[in-house]
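In what follows, a structure is listed as structure tokens, so that the remarks can point back to it.
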Amino acid sequence: MSRETTTEATPLILTDGGGGRRSVRRQGLREAARLLRHASSGRMMMREPSMLVREAAAEQLEERQSDWAYSKPVVVLDFVWNLAFVVVATAVLVLSSDENPNMPLRVWIIGYGLQCMMHMVCVCVEYRRRNSRRRRDLSPRSSSSSSSSSSSMDEEEGLGLSRNSDERYLELGQLENENNSFAKHLESANTMISFIWWVIGFYWVSSGGQELAQGSPQLYWLCIVFLGFDVFFVVFCVALACVIGIAVCCCLPCIIAVLYAVAEQEGASKEDIDQLTKFKFRKVGDTMKHTVDEEQGQGDSGGVMTECGTDSPVEHALPHEDAECCICLSAYEDETELRELPCGHHFHCGCVDKWLYINATCPLCKYNILKSSNYEEGEEV
């Protein structure tokens, strides 16, 4: 668990909604964690630090989901899917030219197709924006490595190029933010219109009844299929968000293990993690517990953390409520190996090492362990 706590949080993107056509931004995972925290506050089912860790995990899943949702295969699939809706709608409109429904179903189908095309435009804009940002993030690294290899560059010239590069990236960033804001507003408006359009379509289809089914079967059943797809995908997305939210709250180590297995290494390297202090936990007997409580000035000692791999080990006495890992919610057992981060928070080695491989920040307070290691290396130099 920990000796100090701070927190921060952000959003979840669910890339579905309405027939797989529209991206819907939700905060399902984090809201599920907060709901569980409020529900359990009176019964103390799960303590505050454990809930903060789960909110951080939900945020990490949101970022991963956002990246996966705008990966090339998913974007291509989304584009083909929506294009198929447009093609089918166009074909049915042509084939049903002799049908005269008593409700304006053709208008509804045309509006549905336009929303599909609008969604495709928004997805393409967002995909291009993310690709350009990724290339821009990689270019400073390549330029810095090339500049370090070319020793002939003058210092003033290097500073001038760096300044010009910073200005150029600032202008590109501002332009990207404007485009991103426009695309977000456009997608939000499209989502809102889609919901209203779905209600209108449902009203027209249900009002027409059997007369529509018999007199204009092609238009009628196409509307039924489109409405059904929308309902299916909305229910699927809500159910998926609930399942993942419950999994984050109740089975966080499993989620971390899955991310560790499938995700690329974007956090700390094995060398960075091995540099962090490792401790062994030791439970204390009643007599020793009384002595430790008096020495440390703590009400109820849960055990002692002893530093590993050093001739003069440091020891920390842990209060009873801190003698558990707030990732897996398991109490520390005798001879359990713990990892203490530079911020002072500690967890099971097996739990936190996988987390740091994915994200180099403390799961509780979001302190970046790489900043700490870089600072220490700078001092040694």
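Quick reminder: no glycine exception, Cβ is built from N, Cα and C everywhere.
Annotated features in Swiss-Prot:
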COILED    170-194  coiled coil
COMPBIAS  140-152  compositional bias 'Low complexity'
TRANSMEM  74-94  transmembrane segment
TRANSMEM  107-127  transmembrane segment
TRANSMEM  189-209  transmembrane segment
TRANSMEM  224-244  transmembrane segment
TRANSMEM  245-265  transmembrane segment
ZN_FING   325-366  zinc finger
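Tallying C-beta pairs under 8 angstroms between the transmembrane segment (107-127) and each of 74-94, 224-244, 245-265 places 74-94 first. Mean model confidence for the coiled coil (170-194) is a pLDDT of 69.
Taken through DSSP, the zinc finger (325-366) splits into 10 helix, 9 strand, 23 coil.
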